[in-house]
Amino acid sequence: MINRVKTKQIFVGNVAVGGDSPISVQSMTFSKTSDVFSTVEQIKRLHFAGCDIVRVAVPEMEDALALRAIKEQISLPLVADIHFNYRLALIAAEVVDCIRINPGNIGSRERVKEVVKACQERNIPIRIGVNAGSLEKEFLNKYGQTSEGMVASAEYNIKFLEDLGFDDIKISLKASDVQRTVDAYRMLRPKNNYPFHLGVTEAGTLFHATVKSSIGLGALLLDGIGDTMRVSITGELEEEINVARAILKDSGAAKDGLNIISCPTCGRIEADLVSAVGEIERRTTHIKAPLNVSVMGCVVNAIGEAAHADIAIAYGKGKGLVMVKGEVVANLDEHELVDRFVQEVEKMAKEF
């Protein structure tokens with residue numbers, strides 16, 4: 001059981017972040033934000049995939065001016081990602097549910113003061129998003145692109161916002177490699193109680209991003225660290241959500257959806273187990289009940305796994321068993337097994 005660190009709770013739109021709230025999953029569109037149609041379409045795809053909070057890039061004035069039209073067409077909380085030009089943050093703050101600023105490139109303290117004032121007036125939070133690749137010069141010169149440098153930047157900017165009377169804050173500390181990222185979050189966690197946004201930046205394409213994020217975010221989640229998260233995958237909207245949800249579930253940080261146990265296959269199996277598992281995954285994505293299910297290709301491990309599973313299939317030659325709580329409920333031909341299995345899953349899910 002994960003002993004999650006209790007943090008201050010803030011709200012991004014209607015989504016609670018921190019405190020006792022579930023760890024939320026975020027993503028980011030890759031369309032030009034000024035292209036309202038494409039951006040809204042991507043946000044709706046993310047919403048359907050299970051995203052909780054969505055972020056959009058705001059590099060130009062035309063992007064900032066498009067935010068209102070986007071916000072009117074979506075129901076997910078909207079975060080504006082601001083670099084370099086604080087004036088874009090002032091415009092965005094009139095519309096969005098959260099502002100993300102990068103203290104390494106947003107400009108002078110006077111500019112940050114104006115952003116804070118705009119967020120205070122609308123009662124929206126600020127994410128202090130520290131990146132190893134864009135640290136302020138003073139921290140870069142002293143620490144280099146290190147975990148220590150990221151933590152020093154975060155602490156400095158947290159204090160600056162606090163001195164302005166602003167504490168509606170969440171924090172991220174991202175590097176492109178796992179070790180620096182994990183070390184930074186671990187170093188900063190004991191020093192404040194603000195919610196943490198987890199992520200490994202520039203993680204890469206699907207395979208590499210999944211590996212990096214699973215190691216980095218999984219390690220932090222097992223430490224009880226993290227209140228919201230994004231898995232960054234180059235050009236893969238829905239997969240960001242799928243991987244993030246899987247990391248949350250398999251780390252034990254979230255208790256929703258099926259935990260599917262399936263054998264790795266070997267010479268003993270006499271059924272198309274790969275296709276069966278794939279079909280089960282597709283047909284049960286809507287299930288939120290925290291059920292443990294087992295799909296095994298032969299009797300060697302099937303009975304033992306079934307004893308610990310809510311629902312199980314044990315394949316044999318042309319036939320197989322469906323079991324519920326370790327008891328056989330059906331002995332069927334192979335082509336009937338998945339249908340009956342899904343029926344049992346849906347039946348049990350309704351009881352939760």
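Cβ coordinates are placed from backbone N, Cα and C, and glycine is handled just like the others.
Because the structure is a prediction, the values reported are computed rather than measured.
In Swiss-Prot this protein carries:
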type: BINDING; residues: Cys263, Cys266, Cys298, Glu305; note: [4Fe-4S] cluster binding site
To see if you understand the setup: which same-chain residues, six or more apart in sequence, place their Cβ under 8 Å from that of Cys266 ([4Fe-4S] cluster binding site)?
Gly297
Excluding Cys263, Cys266, Cys298, Glu305 themselves, which residues in that chain have a Cβ inside 8 Å of the centre of the Cβ atoms defining the [4Fe-4S] cluster site?
Pro264, Thr265, Arg268, Ile269, Met296, Gly297, Val300, Asn301, Ala302
When you measure from the Cβ of Cys263 ([4Fe-4S] cluster binding site), how many other Cβ atoms are you left with inside 10 Å?
19
Glu305 ([4Fe-4S] cluster binding site), Cβ-centred 10 Å count of other Cβ atoms over all protein chains shown, is 21
Should Glu305 ([4Fe-4S] cluster binding site) be counted as helix, strand, or coil on the basis of DSSP?
helix
